[in-house]
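Report on the structure given below.
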Amino acid sequence: MKSFLDNLSTRRSGRDPPPLPIAIKTKDLGFDRRAQSPASTTTSARTSTEEKMANKHHGLGILDGNDWDDVKGLDWEEKQSWKAPTLTEISLLSPRSLRSPRASWAVRRLRSVFSAIWPKSKTNAPAEPLRKTAYLDGIRGFAAFLVYWQHHGLWAHFPLQTQLIENAFGFGGQYAFAAFPGVRLLFNGGHFAVATFFVISGYVLSTKPLSLIQAGEQAKLADNLSSQLFRRWLRLYIPLIATTFLYMLTWHAFGGLWIGGIKKQGSFRDELWWWYCELKNFSFVFNSGGEPWLSYNFHLWSIPVEMRGSIVVYTALLAFSRCTTKARLWCTLGLMFYFMYIADGWYCTLFVTGMFLADLDLLAAKNALPRVMARLSPYKDFIYYHMLVIALYLGGIPTPSTNFADLQRSRGWYYLSFLKPQAAFDYKWFYLFVAATFLVAATPRIPWLRRFFETRFCQYLGRVSYALYLVHGPILWTLGDRLYTAVGWVGSNGLDQFTALSWWVNRFPLPMKGPLGMEVAFLLPHVILLPVTFWAAEGVTRWIDEPAVQFAQALMKKTLPAPAGAEGGGAGLGAAPIIEVGMGKKLDA
């Protein structure tokens, strides 16, 4: 794996390999920052660099737009560039067992097929700089992959074995390795991922506005908030509309694909009308009636929640913009308490918590933390490592149902069950709130964990995370269902599966050997499913997601008045800063 990463780092369009980074420790914060150093750097120069970097801003969050001018003004620092790995580079990760003559022939054939259809890179596109908060992109991307893995695992093992995965280790006398604390996050970490999406979104959406608040730039704050709010719905819903429309087409194209669990209309015209009716209600984020699901991709329930949480953050930022630092922090804590312990607004708590963490990080970068927190600095390693352990444990909250009695009967959760707030109906979100908060807060202070989320693989997952969230469900329900049926997983869709997919039933039976969730018959289909899903996610990112971001930016600029003094212009605020913010990029599951 190390040689693979080294190989990728030297493929820089014919340029020389990048110089080795110098680890720069910020004593007060425990961050591991890296800055480019020329080969001739001396010891005295390194010391000077360390002193300068200690006073720099912490970072500006997950900003996935192409317009960085407004961001770079705040002590911008570029780190080692990265590019998404190509299909050939990804193949270097294949284990030795796939490099035998027979297996290598099959790999070459697959590579030739996918190379022909893999979205081509823009040859002249500059490499993106690795930002100081790139670890947040990595967390979001890895979380999106956990959503993918959980949905596939539960789909293939439904209905008999899903309870073993979702229940606590030892519940009902069942001791599956996939349910073991910590390990269970790989098989049942989807809800933890969604909670993490929301905390990261709150952090990212509020970082720039908070920096303006702390600088007393009220006019620029108004420009920034209006720009973000104007573009937010477009940024979230344009990719959703496009992908659900394309998925809906497969229901009737080529005679219509059989897809389990859907209610197909009699004609394409009726289907189009039904899709529109569902979508118009789903797009209204304050809709309080009907099902919270979109039947054309029910994994996307979190998108309206993402939009509502964003509005909560924008409103809170505006409401607290003229408060003192101390008052703003206390008001933010008060909101967190209200949403979790008084009203059942768990998702609002997650977004506001991200806003709170961003405020603290910006204050820490200026050595302006509250005294009580500054006094804990000598114990930061002890605190953050324990926060990580707690996050990994609480993130695996058993989620078979909302029955609180089941939680109390779960081994290792009886005493923790007494922490549940009275207001929380679905108990899991309280524990996931703690877990996601601790994970996001601890990651930048644990060097090895931060480096993991800054790897090329996690960064690539972060770049395509929203598209991966959008497309993994339709691919699972079309291609995945057929592959799982072919290798022996039958019954996940009831008796209809045997009749509708009769040609696929046990067509290529594979052994069911292996621990739960790691059977040979479950892992091997992903040799096809993973490349197809990544291909679709890459295509949606380049051809739908990124153009949607650009469209929202262009539309925002079109609505602004010309600056004063310009021909045909009038008085106005002028061009608002254009900053595109990732969704938590959810699914911002």
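Glycine is treated like the rest: Cβ placed from N, Cα and C.
Quantities reported herein were computed from a predicted structural model and do not represent experimental measurements.
In TrEMBL, the feature transmembrane segment is placed on 185-205, out of the ranges 185-205, 332-352. Comparing 185-205, 236-259, 298-320 for CB pairs under 8 angstroms to the transmembrane segment (429-448), the maximum falls on 185-205.
Taking Cβ pairs closer than 8 Å, the transmembrane segment (381-399) reaches residues 30, 166-168, 171, 181-182, 184-185, 188-189, 191-192, 406-407, 410, 413, 416, 427-428, 431-432, 434-436, 438-439, 441-443, 445-446, 449 in its own chain, all 6 or more past its ends.
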